[in-house]
Amino acid sequence: MITIPITLRMLIAKYLCLLKPFWLRKNNKTSVLLIIIILAMILGVVKIQVWLNDWNNDFFNALSQKETDKLWQLVLWFPALLGIFVLISVNKTWLIKLLTIRWREWLTDYYLNRWFADKNYYFTQIYGEHKNTDNPDQRIAEDILLLISKTLSLSFGFIQSLSMLITFTVILWESAGTLSFTVGGTEWNIQGYMVYTVVLIVIGGTLFTHKVGKRIRPLNVEKQRSEATFRTNLVQHNKQAELIALSNAESLQRQELSDNFHTIKENWHRLMNRQRWLDYWQNIYSRSLSVLPYFLLLPQFISGQINLGGLMKSRQAFMLVSNNLSWFIYKYDELAELAAVIDRLYEFHQLTEQRPTNKPKNCQHAVQVADASIRTPDNKIILENLNFHVSPGKWLLLKGYSGAGKTTLLKTLSHCWPWFKGDISSPADSWYVSQTPLIKTGLLKEIICKALPLPVDDKSLSEVLHQVGLGKLAARIHDHDRWGDILSSGEKQRIALARLILRRPKWIFLDETTSHLEEQEAIRLLRLVREKLPTSGVIMVTHQPGVWNLADDICDISAVL
């Protein structure tokens, strides 16, 4: 009984887990049909290789016999064989690419849905045993493509190699004949000796390849991680360019990037040193196999058991058998890379399966907190003895010193902080406005209106921009620019309030939303919000005393600590 090592069993289990979502889904007939067509093309390629092998035999026999007419027939027949071979091979590659993009599109959408479901993209950073998983963006952008492309190329390559192996093993057995020799007065006849020889050589070569290259897999995992970290830090540097320049922090950032690249360099050296030994062996192995069949067939040729055509046919069959039987040796690098990708993507898969079980009750008609306490992930108390009630149209101020836990309480009410005890009810679709609004690159109108439930015409948008003090931007709503870099902190907060007025949410959580504005302007804008959204319930955090008078009620966080 064959025993599969536990590490390999675990890898296979991870692999199947990643394959099942796409291939076991309903309405997948087109992808299955593509698989069938590609497999048929693979069999067509194998058949053409058999024809070419026969052509090789006939050509060299005609050449040795100097049969001019037959040689010309074979020369004219070769372009037809080549044309059919190229036609099938090119279209097979095209269909594999089509299947790749179909699979990638579906799987990318699948993992994006898992990542964004129930705010999972946020919880993956703070929740569970995999919270420190690096670069989830790379898992979606790169690892999915690598998984699919490697799976298809290796799978179809293996099937083609297996088909070629079976076919040409039969041909090699028949064409090479029997090796006869005498040892100690005993005559030995070994039929199919070429097949036995190539099998033994490849088995030994495969075992040696695995011994030499088994360290490549963890090095590939490290390579992907270090490259992703370097790329991410470069992106962050670009985003924070202004802050770095104002802080004169260039040398610090430069050193950090140099340290990141040093990690890449160290991994590269370890990987290339390990790869060198594998390359030594693969080159020795492949070069030796290219001439070995001549030596093995020499006794048969000298004794007249096979002619020149038979020699070339058997040699080609030997090469095809050895090459396809050596599939594992030649594909070891790709298999190691695929294994590393499986590990990384499965880790991300596990990450997106984690869900916090503790959530506030979803309540649309009020925010209710009774005998509640807010805690850290390690169960330390941040706030306790919390009790308040907010009805639609009412404003509540959360008051307390910096660091008291006001923002954490707002996160809890927004269903983004699962560490609490007690009775908390709040709407799951509330609108949270932070002191640093998300402003991306793009058309200004799209940036402001993208999340709105209904379309907004230019006139309405222009009117709201004037109301929040951004009238100068009304003429630029169709401009495409890097607004996150262009707008000041105060202008970004005005944009956030414009979004709020246009969206008209029923429940609003304001977290230092006007902190970058002068107090009188903050009062004016929040009064505008209350005027435009009279039925919306609002819970706000602010350190601007003049704004406190806008609240109907105050919950002093400091008093419950």
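Quick reminder: no glycine exception, Cβ is built from N, Cα and C everywhere.
Going by Swiss-Prot topology annotations, LYS26 is found across the membrane from ALA339. With the fewest other Cβ atoms inside 10 Å of its Cβ, the least crowded of the binding-site residues GLY400, GLY403, GLY405 in this structure is GLY403. A count of other CB atoms within 10 A of each Cβ picks out LYS406 as the most crowded of the binding-site residues TYR401, SER402, ALA404, LYS406, THR407. Mean model confidence for the topological domain 'Cytoplasmic' (53-70) is a pLDDT of 76.
Sequence-distant contacts of the topological domain 'Periplasmic' (25-31) (same chain, at least 6 residues past either end, Cβ-Cβ under 8 Å): 99, 102-103, 106.
For the recorded ATP site, residues GLY400, TYR401, SER402, GLY403, ALA404, GLY405, LYS406, THR407 set the reference point as the centre of their Cβ atoms, and the other residues of that chain within 8 Å of it by Cβ are ILE557. DSSP gives LYS406 (ATP binding site) a helix state.
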